[in-house]
Amino acid sequence: MENSEGVKIESTVVTEEPLISALDIALFVVIITVAYFWYFKRDKQSSSSEKKPYTIQPSSLSSIEQTSNSSFIKKLKSTGRSLVVFYGSQTGTAEEFAGRIAKEGARYKMKGMVADPEECDMADLVEMKEIQKSLAIFCIATYGEGDPTDNAMDFYEWLQNGDADLEGLNYAVFGLGNKTYEHYNEIAIYIDQRLEELGATRVHEIGLGDDDANIEDDFVSWKEKLWESVCSHYGIEETGEESNIRQYKLVDCSEVLPERIFSGEISRLKSYENQRFPFDVKNPYLSKIAVNRELHKSGDRSCMHIEFDIDGSKMRYDTGDHVAVYPKNSSELVDKIGELLNADLDAVFSLLNTDEESSKKHPFPCPCTYRTALTYYLDITSNPRTHIMKELIEYASDPKDQEKLKLMASSTPEGKKEFHEWILRDNRNIVHILEDLPSVKPDLDHLCELLPRLQCRYYSISSSPKVYPKSIHITAVLVNYTTSTNRVNKGVATNLLAQLIPTNDELPQPTIPIYIRRSQFRLPPKSQTPIIMIGPGTGLAPFRGFIQERDYARKEGREIGEMVLYFGCRKKDEDFIYENELQEYVANGTLTKLHLAFSRNQPEKKYVTHLLEQNADELWNIIGEKSGHLYVCGDARSMAKDVHSIIVKVVMEKGQMTNSQALNYVKKMEQQKRYSADVWS
């Protein structure tokens, strides 16, 4: 338009020149040329997109898509749905449970959808009352020290800080937690209570799933009673229709160009070839393995010291943080699935959500080959849940196999017992199930839909960025054990790491995707504050970083407080990891005291907890009289609980308090971050 207007202006001003001047002709040629290229470039792009119907993007949404899709209310209304199931998930289990609930809603005349609170405007909950017989269900996990999952953080803060009127909102909550942790299901309990405070109506009592026991059993039992409450609340009846409906449809992608096929990337296509900062859970950094050495001196077990090279990545970490490692399944297990199902693992496919309104278009990055999906995206080594047993029934040609699956999929006492013994106790994974029930031959694309996503593994960082700014260290025990069916089960991540041995400089170094997860496990702000560290086995990992950081400060001439370490292992000559380092820190004065417990070096087993009981005066001197900090890292199920009990007992006796006062004292220490735990079960 501007050029056309320019021509008009020129022709009216220069009236004495010929009708068509040389300048007019030149401008006209330019306009025609630009128009020609613009038109044919657009046409070419349009044709190109038509020729690539299966150029499928990863499941994550762009910021524009997230903005346009943030109103879950609009989706519910436009698609005639009345049920929305939100999930707060760190490892994928809560998301899986949410999907199962939404799927079953059809049996109760409640068309449902699954929603990620991070991608929704949760303030729209106030509008749920506008939808007849509507219901919001929350499947919420708690992790860490009573923290919400990353994707539920904004919703949690909105509930804390807001004062919305949620009258007319009908809801139910299922929590995912672990009883070995102190803050068991804390986030789910808070959300359940807070929704009621804001005026919402609880349709069914909160369910609390315990991952330390059988969270699948907890969920199924709660879910059955949930639907009973829903039927009673809304005056509806179960339709009796089966809910085994495919959520994703198979798309043949054999014609897709090779450069458009995912080969193991987490989200962005070719992200490992073209690395872009910042690096996070959806965009990990492909790190070289700089060091991989054995820490155990002898014995049949293995503990690895591994160093990830982050030089040039712009990644930064703090002492006490965790590093996430993205593993891959062994080719042996992947090939076995292809063999058992007589499938072409190199066929290129995609799974496309049958719900066009869902923000999650694919269960994992698509298109890809079945080999890629089974290697990088799907969990094939964990114990399958009961809903997978149910879905496999239709693929069993042998009546005996069919009856066994039906029993394990049921919620009867006999069914629960069979599932517990045959799946959980005997530690069977999907490969073992297909081997032991030979008539079960599921379609491979359906199996890929059913299996959960392969999750990254988290390790406490065992180095200080002050000393090692260009590398991240971890300390990992190789997981390798024989089951009751005489099968050898191997840890997915540690067995992969064991194979990644650096070579000489002339050859490419082995790599693995990683990212840093921030932690609240931190040294005191002041280097003079005394600390006690309790970390048997690989629980020593973060304390190695703590000691390095204090040693760095000491060498800079700064005053450092007392550092007392309690470490334990089986035998001094076998698995005393980092022995020389620790002895050197004792010698130079950085480590004030090193208390050691070797459980099998004498007839009676000796643990760090025994040493703690013997050193009550030292404990109270630091945590009571000097207001020092206490840290625990390691096993949550027994060690951390025992340590907590001992600390309470010491506070009672040395602080001359009652049991109630001592519990409150320890609780206050936790609130002030003077008592911190980094534990696992």
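Just so you know, glycine gets a Cβ as well, placed from its N, Cα and C.
Database features, via TrEMBL:
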type     : residues                                                                                               : note
BINDING  : 89-94, 141-144, 176-185, Asp211                                                                        : FMN binding site
BINDING  : Arg301, Thr538, Ser599, Arg600, Lys605, Lys606, Tyr607, Val608, Thr609, Asp642                         : NADP(+) binding site
BINDING  : Arg457, Tyr458, Tyr459, Ser460, Thr475, Ala476, Val477, Tyr481, Gly491, Val492, Ala493, Thr494, Trp680 : FAD binding site
DOMAIN   : 83-227                                                                                                 : domain 'Flavodoxin-like'
DOMAIN   : 282-524                                                                                                : domain 'FAD-binding FR-type'
TRANSMEM : 20-39                                                                                                  : transmembrane segment
Cα-Cα distance linking Arg301 (NADP(+) binding site) and Val477 (FAD binding site), given in Å to the nearest integer: 8
By Cα-Cα distance, the member of binding-site residues Arg301, Tyr459, Ser599 nearest Gly144 (FMN binding site): Tyr459
Spatial separation of Thr475 (FAD binding site) from Ser89 (FMN binding site) - C-alpha basis, Å: 26
Nearest of the binding-site residues (Ala141, Asn178, Arg301, Ser599, Lys605) to Trp680 (FAD binding site) - Cα to Cα: Asn178
Rounded distance in angstrom between the Cα atoms of Gly491 (FAD binding site) and Ser599 (NADP(+) binding site): 25
Pairwise Cα distance for Ser599 (NADP(+) binding site)/Ala493 (FAD binding site) [Å, integer]: 28
C-alpha spacing of Lys605 (NADP(+) binding site) relative to Tyr181 (FMN binding site), in angstrom: 26
Under 8 Å by Cβ from Tyr607 (NADP(+) binding site), counting only residues of that chain that are 6 or more apart: Pro536, Gly568, Ala597, Ser599, Met639
Euclidean distance between Cα atoms of Arg301 (NADP(+) binding site) and Thr475 (FAD binding site), Å: 14
